[in-house]
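S.K.: Sequence annotations record features per position, and here Swiss-Prot assigns NAD(+) binding site to 77-88, 287-298 based on similarity to another entry. What Swiss-Prot records for Arg95, Arg105, Arg134, Asp223 is substrate binding site, and it gives similarity to another entry as the kind of evidence. Marked as site 'Important for catalysis' by Swiss-Prot on the basis of similarity to another entry: Tyr141, Lys190. Annotated Mg(2+) binding site per Swiss-Prot: Asp223, Asp248, Asp252, in sequence order.
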Amino acid sequence: MSKNIVVLPGDHAGQEIAQEAIKVLEAISEVSPEAKFNFQHHLIGGAAIDATGSPLPDDALAAAKKADAVLLGAVGGPKWGTGSVRPEQGLLKIRKELQLYANLRPCNFASESLLDLSPLKPQHAKGTDFVVVRELVGGIYFGERKEDEGDGVAWDSEKYTKPEVQRLTRMAAFLALQHNPPLPIWSLDKANVLASSRLWRKTVEETIKNEFPQLKLNHQLIDSAAMILVKSPTQLNGIVLTSNLFGDIISDEASVIPGSLGLLPSASLASLPDTNEAFGLYEPCHGSAPDLPKGKVNPIAMILSAAMMLKLSLNLSKEGEAVEKAVKQVLDSGVRTGDLGGSNSTSEVGDAIAKAVKEILA
């Protein structure tokens, strides 16, 4: 049975990296009988605005709702500015419509050969290995707001409910329990100032205590966590659990630790991946890179996002692990794009990973 994957390439570099992820998935299907894919391409972001006037056309959303998983490249660019219709609105809408409440962003080194590229000293960066679990459909990004209407006043509101925090805490706990021994959980908030953070801390505490007493829970204020991240990131190893706004900021800060935004994948899930078949949307942590010439963008974050899709949504864990192994082999061999000090093109890196994954699975 073929897996139905909706591909939303998006804008600029998103279109290039989506092609490379598909290249790797098609290579897998050549050697793995269980891995058969049916790809459907749709518009999102600026490309969709140009073609339809909407950042997320109805047909794209309808197709995504019927798919086994969604692969998304990247959206945005200066062409679409900050007008009333913006590419990023398509992202927010698809997350909300598909109820993708949990965003998972791993932060680790795909290969230790990349340690010298980190802005941190190698002795501080080495061993960094955590997953940011960010709430994705609530909080200040979706709260009530008022624009400045000439009166010089604008505001946004942060609101969380107990069930919203509980389900994300359960996601973090599930991920922690996939390891032996279980990973610690770091819950980040601003409970010394914000009412929403006090509810967050209380709910996380109760949920772990009542449902997962075997897990170690640590609370950390977000500003303190941001300092730890640049001073000694391994202190946060485990599962980092936090709200939409704080997660957006801390995961972007974390994404530079491995040396390039072009390395880190992400998954946005609508349910626990307890059967490895959770519905999810998979995209790189980086943006559309409109300033990069064609053929220069690093496709690894997109390819590793596809690996997460194989493991969490398509029940193809062996194939997902093979992709991760192939990425390490290719990086260690010195085949790299310019952001990693190499001279290879986007497609050359994709070709090398596709070849390596076939050899691993053959």
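Backbone N, Cα and C define each Cβ position, glycine as well.
How buried are these features, and what lies next to them?
M.R.: Around the Cβ of Arg86 (NAD(+) binding site), the number of neighbouring Cβ atoms within 10 Å comes to 18. DSSP classifies Arg86 (NAD(+) binding site) as coil under the three-state reduction.
Counting every protein chain shown, 12 other Cβ atoms lie within 10 Å of the Cβ of Asp223 (substrate binding site).
For Tyr141 (site 'Important for catalysis'), the count of additional Cβ atoms within 10 Å of its Cβ stands at 18 [all protein chains shown].
Cβ neighbour count for Lys190 (site 'Important for catalysis'): 19 (other Cβ atoms within 10 Å of its Cβ, all protein chains included). Lys190 (site 'Important for catalysis') falls within neither a helix nor a strand when secondary structure is assigned with DSSP, and so counts as coil.
In the three-state DSSP assignment, the secondary structure recorded for Asp223 (substrate binding site) is helix.
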S.K.: Which chain neighbours of the Mg(2+) site, leaving out Asp223, Asp248, Asp252, have a Cβ atom within 8 Å of the mean position of the site's Cβ atoms?
M.R.: Ile222, Ala226, Leu245, Phe246, Gly247, Ile249, Ile250, Ser251, Glu253
S.K.: Give the distance between the Cα atoms of Tyr141 (site 'Important for catalysis') and Arg105 (substrate binding site), rounded to the nearest whole Å.
M.R.: 18
S.K.: Identify, among the binding-site residues Asp248, Asp252, the residue whose Cβ has the fewest other Cβ atoms within 10 Å in this structure.
M.R.: Asp252
